[in-house]
């Protein structure tokens, strides 16, 4: 049964720091001014309002034109695209385990959330997604999607009633059936999504009981969350300015850490399933370490791909910090003024342990080499990528090519960069150095995206559409045409072969 759409909301509420990052729906109303005006003030305000409306209309037409242009080139630029309308916005999206192969598509779990206004519960959603294989989808089919419809490729499989909204979802790399979530609380919640019962999200329903609760923060930890690629470790950052590390190893059975199905994330004396709103009643585990060094909220964290003891963090103090759990609880390296504003996101390259990406409210992505992080006491990136017009919310390295990464922002764009292309442009180009693909299919801020490790060059992205449409969100699953990323000589050879084939067919038809 479909959840009801969110009602129209009200404007003029207090904007919290987190909302300036574009992570929460903004209330809106057609609220009439409460103040009494003199006729002169009234006339002036009417003129200002008319000018503002003209600007808004011009901006709306421009964004609509841009979107329509993007939609017109979808058959040329994309190998496959699926558009899935969300009744409620999802602030995070992650790929789960691969389920099965078919001739023309693969089936895979997808993790989403529903951030509601309280008329129904907030939920963690487990969906089954059909990922169409390369060069299967017809060009005319992928461009003829209905923006307001749900995609036939995405089917809800299970609903978990989450205690509070889901700000971030991260899966355990050793077993992606295990996920961690952040909400507006100091705790990190761990879920064995296969063991959790399917719930019906209706008003008054009790929250599902987490399989494990990670405690240690002294204030809300809302966004900074990471799972370790090499060990069952969890990393988090929060408003208490600390970075906290846990091991959930003692609470995972050998079956859950293997690739086999079954197994519970917690010991057998506790049950998954329906609980009450007091999540503290569930089993909990304290931290391995609490790390201090930031002077403002920690916004993102990530592990070094080759070490469970090394990790990094970024925050609203404009700092990038590298940590080593083996040498203490102070930062191993502190990079001040890594950007000119708050830092929102960080990712450590899985291909080269020296390369770290950061994204910021200064609209840029920066790439750092950890062998040479600073110059004259401040951050010294090896390159700045400047192709966004608003705050960057998410960065992630591609699993498919070591020099490629993506960045998404409040400008509604998801940019794909290749740092090997920086400085290689011989032709005059208006594109920012390194930018080689721009996904413009979202009408509002792209709050999260995730590369697919099973299907090369396939991305899931999600936007919170409260600014543009007043509510809901858009999930898109897409893959650019392989002509755009394959070696140039290979593509030219294929096109030449195709040209020869067309000419041969034409000559036969003329006889």
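Glycine too: its Cβ is placed from the backbone N, Cα and C atoms.
Record features, source TrEMBL:
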type: COMPBIAS; residues: 18-27; note: compositional bias 'Basic residues'
type: COMPBIAS; residues: 49-60; note: compositional bias 'Basic residues'
type: COMPBIAS; residues: 258-267; note: compositional bias 'Low complexity'
type: DOMAIN; residues: 65-132; note: domain 'Histone-binding protein RBBP4-like N-terminal'
type: REGION; residues: 1-63; note: region 'Disordered'
type: REGION; residues: 258-292; note: region 'Disordered'
type: REPEAT; residues: 291-333; note: repeat 'WD'
type: REPEAT; residues: 336-369; note: repeat 'WD'
type: REPEAT; residues: 385-420; note: repeat 'WD'
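Break the repeat 'WD' (385-420) down by DSSP state and the numbers are 2 helix, 18 strand, 16 coil. Here the repeat 'WD' (336-369) has Cβ contacts under 8 Å with residues 21, 229, 296, 299-306, 312-316, 318-320, 377-386, 388-397, 399, 402, 405, 407, 409, 417, 419 of the same chain, all six or more residues outside its ends. Looking just at the repeat 'WD' (336-369), the mean pLDDT is 97. Same-chain residues lying 6+ beyond the ends of the repeat 'WD' (291-333) with a Cβ under 8 Å from its Cβ atoms: 17, 223-231, 233, 235-239, 241-245, 339-350, 353, 356, 358, 360, 368, 370, 373, 379.
When the repeat 'WD' (291-333) is classified with DSSP, helix, strand and coil residues number 0 helix, 24 strand, 19 coil. According to DSSP, the domain 'Histone-binding protein RBBP4-like N-terminal' (65-132) comprises 13 helix, 37 strand, 18 coil.
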